[in-house]
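Asker: Annotated domain 'Cytochrome oxidase subunit I profile' per TrEMBL: 20-523, in sequence order. Residues annotated as transmembrane segment in TrEMBL: 20-40, 60-81, 93-118, 186-210, 230-253, 265-285, 305-326, 347-367, 387-407, 419-440, 474-497, 528-549 (among others).
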Amino acid sequence: MTRLFVDEYPGQARLVRAAFLNSFIALGLGATFGLVQAFHRTDIYRFLPSPDYYTVLTGHGVFLVISFVIFFLVGLFHWAITDSLGQRPTRAWLSWGWYGLMSLGTLIIAASILGGFFEEPPEVLGAPLSADVLFTFYAPLQANPLFYLGLIVFFAGTWLAGADWFRTWLTWKGDNPGKRIPLPAFMVLTTMIMWYLGSIGVIVSLIAFIVPWSFEVIPGVNPLLTRTLFWFFGHMVVYFWVLPAYLLWYNVLPTLSGGRLFSDPLARVVFILFVLLSTPVGIHHQYMDPGIAEGFKFVAMTNTMFLLLPSLLTAFTVVASMEHGARQRGGEGTFGWIRALPWREPAFTGMALAGAVFAFGGFTGIVNAGMNINYLVHNTLWIPGHIHTQVGTATALSLMAGSYWLVPQLTGNRLVGRRIALIQVVTWFLGIVFMTNAMYRSGLFGVPRRTAEPQYSFEYDVGIGSMGELNAQIALGGTLLFVATVLFLGVMLLTVLNRDSEPLVDGTIPPALSGPEDSPRILDNLKLWAAIAIVLLVLAYALPLASIIQQGGLHGQDIRPYPVVLALVDAVQHAGTTLGVAIY
Ligand code: HEM
Ligand SMILES: [Cu+2]
């Protein structure tokens with residue numbers, strides 16, 4: 001007997017489908033931009049003028065890591081809360097309210113970015129409609145005010161979504177006094193506590209500084225302050241991107257492997273560690289920023305190394321669960337059990353490959369985190385290499401694989417093209433191996449990131465292979481990724497249209513081998529963990545922020561672009577005076 005989410009909660013399924021639809025549109029747009037970048041920056045095929053590269057790159061970053069991932073996340077979380085608590089969210093208008101705000105915010109953001117493609121962008125709110133500020137939108141790069149307003153509306157939507165799920169949980173708690181929070185719901189709630197705490201930085205930065213500055217209400221901003229507030233949020237957000245994948249790995253992957261989750265208590269510990277540690281580490285993105293004392297950077301580095309712990313625990317728990325599943329299916333031997341896993345199942349294979357890539361991303365993350373080695377890779381193509389193994393694959397591929405399992409339960413339609421789905425996940429995996437391998441290596445030879453023209457006018461001296469070979473791999477990898485995206489979207493579209501069919505999946509998630517009753521009750525005390533997280537945040541950020549404001553002021557100097565020629569004349573005159581000769 002298949003138990004379908006859509007039959008039990010038709011209203012909730014509709015909202016999840018709507019969120020997924022937005023997510024998939026963003027994925028299609030973002031992947032197209034990614035392909036353009038891969039061809040442009042390797043100089044293999046160009047059809048846009050280079051200045052437009054930054055519009056493309058902003059769109060790529062924002063559509064993928066904001067719209068694609070976060071819309072999927074809210075859909076997945078809405079499903080997880082409803083399904084695991086067995087409880088409908090209490091107010092339908094509230095649910096559709098956050099969905100509406102997030103969609104409106106996204107439309108505004110998208111318009112402000114895409115406006116940049118016009119030769120003469122229309123004037124909106126006193127500035128040309130364009131937002132070439134990349135997804136790290138701190139000063140001094142400045143976008144049209146609409147871009148920031150769109151972000152604020154979007155963030156408001158996510159806050160409201162969290163409120164919706166907390167309400168649902170409180171209602172459930174009232175009806176089920178003393179019961180342990182089911183694991184998927186626990187993951188949703190802890191992730192949202194993390195999001196509330198971590199997004200405060202960027203919201204303050206937007207409302208107090210960047211928006212007034214973009215409207216020219218205040219003369220300038222302290223760039224280091226907006227950077228620091230951005231990264232206060234900027235590291236936490238990477239976990240916000242990855243935790244939906246974790247939710248799938250902990251809850252769905254063991255089932256798909258034919259077994260059960262190894263340890264529910266360990267999973268709870270992992271999510272609490274993220275609440276505590278994911279925000280007080282943001283300064284590790286600022287090792288190269290002048291104006292922040294080395295000591296603060298060192299503290300951030302130490303915190304970051306602690307943050308490896310939850311990832312390693314996850315690797316252990318998830319692999320142990322897969323092994324358990326494989327042995328249930330008759331797998332034997334030290335490694336022989338791996339063959340007994342259901343490799344023909346696209347949802348399984350996609351998630352397993354995503355997990356494998358995540359491990360590589362984790363190792364390269366340790367390189368980024370080291371204060372001294374970071375100087376080697378900072379702002380090189382190594383960094384997008386890292387991004388694409390983490391959010392670009394661990395998350396994106398898990399979400400796509402998860403869709404193969406979840407979308408049939410949300411639509412009541414059978415998945416179309418299982419073989420194509422299998423080819424799709426493998427194609428993505430191959431694409432990412434080519435692209436990121438070449439990105440990592442290019443980075444080690446100093447090829448910069450975020451530039452349309454990385455070739456300058458000299459030849460890079462690459463250790464092994466050649467620059468041509470690295471570029472070819474980036475273009476090939478990018479093409480495979482794009483093809484995989486198109487296949488995924490095609491399978492999804494056909495599945496949604498596949499009306500008169502019955503899904504083959506069963507949505508039941510079996511209980512963990514070591515269940516919640518084995519974990520201390522204090523783990524479910526969300527108030528306590530939130531309070532400790534706030535203390536850690538204050539400890540990590542109070543002094544650096546105070547010192548930044550003391551040095552540069554709340555609003556800093558006027559940092560409008562300064563004409564270089566004038567600066568040069570000044571400098572020459574200054575040199576002349578110093579030397580005792582008058583130069584005019
Ligand atoms: C079709 C698949 C994709 C291709 C071909 C692709 C290609 C690229 C390339 C070539 C860059 C480097 C641009 C530069 O630094 O000059 C880049 C940057 C980036 N990509 Fe992708 N990518 C793809 C999918 C993804 C996905 C799925 C995600 C996340 C969910 C993602 C997130 C990012 C981010 C965050 C950056 C950095 C943006 C910035 O520096 O502001 N990409 N991508
Ligand atoms: Cu970080």
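Cβ from N, Cα, C; glycine included.
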Asker: Taking the transmembrane segment (230-253) as the reference, which of 60-81, 93-118, 265-285, 347-367 gives the largest number of Cβ pairs under 8 angstroms?
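Answerer: If we count Cβ pairs closer than 8 Å to the transmembrane segment (230-253), 265-285 scores highest.
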Asker: Which value does the mean pLDDT take for the domain 'Cytochrome oxidase subunit I profile' (20-523) in this predicted structure?
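Answerer: Looking only at the domain 'Cytochrome oxidase subunit I profile' (20-523), pLDDT averages out to 95.
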Asker: Count, for each of 60-81, 93-118, 186-210, 305-326, 387-407, the Cβ pairs lying under 8 Å from the transmembrane segment (528-549), and report the range with the highest count.
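Answerer: Maximum Cβ contact count belongs to 186-210.
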Asker: Going along the chain, which residues at least six beyond the ends of the transmembrane segment (347-367) come within the CB cut-off of under 8 Å?
Answerer: 242, 245, 248-249, 252-253, 256-257, 305, 308, 311, 315, 318, 322, 341, 373-374, 377, 382, 385-386, 389-390, 393-398, 400-402, 404-405, 421-422, 424-426, 428-429, 432-433, 436, 440
Asker: Test of understanding: applying the rule of at least three C-beta pairs under 8 Å (pairs 6 or more apart in sequence), is the transmembrane segment (60-81) touching the transmembrane segment (93-118)?
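Answerer: Counting Cβ pairs under 8 Å (6 or more apart in sequence), the transmembrane segment (93-118) reaches the transmembrane segment (60-81), since there are 3 or more.
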Asker: Between the transmembrane segment (387-407) and the transmembrane segment (305-326), do 3 or more CB pairs sit under 8 angstroms, pairs being 6 or more residues apart?
Answerer: no
Asker: Where else in the chain does the transmembrane segment (60-81) make close Cβ contacts, counting only residues six or more beyond its ends and a cut-off under 8 Å?
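Answerer: Non-local partners: 5, 12-13, 15-20, 22-24, 26-27, 29-31, 33-34, 37, 87, 89, 95, 98-99, 102, 106, 109-110, 113, 134-136, 154, 158, 161, 165, 168-169, 184-185, 187-188, 191-192, 237, 240-241, 243-244, 247-248, 251, 391-392, 395-396, 399, 402, 406, 410.
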Asker: Short question: which residues 6 or more past the ends of the transmembrane segment (186-210) have a Cβ under 8 Å from it?
Answerer: 77, 80-81, 137-139, 148, 151-152, 155, 158-159, 161-162, 165-166, 169, 218, 221-222, 225-226, 228-237, 239-240, 243, 246-247, 250-251, 267-268, 271-272, 274-275, 278-279, 282, 524, 526, 529-530, 533-534, 537, 554-555
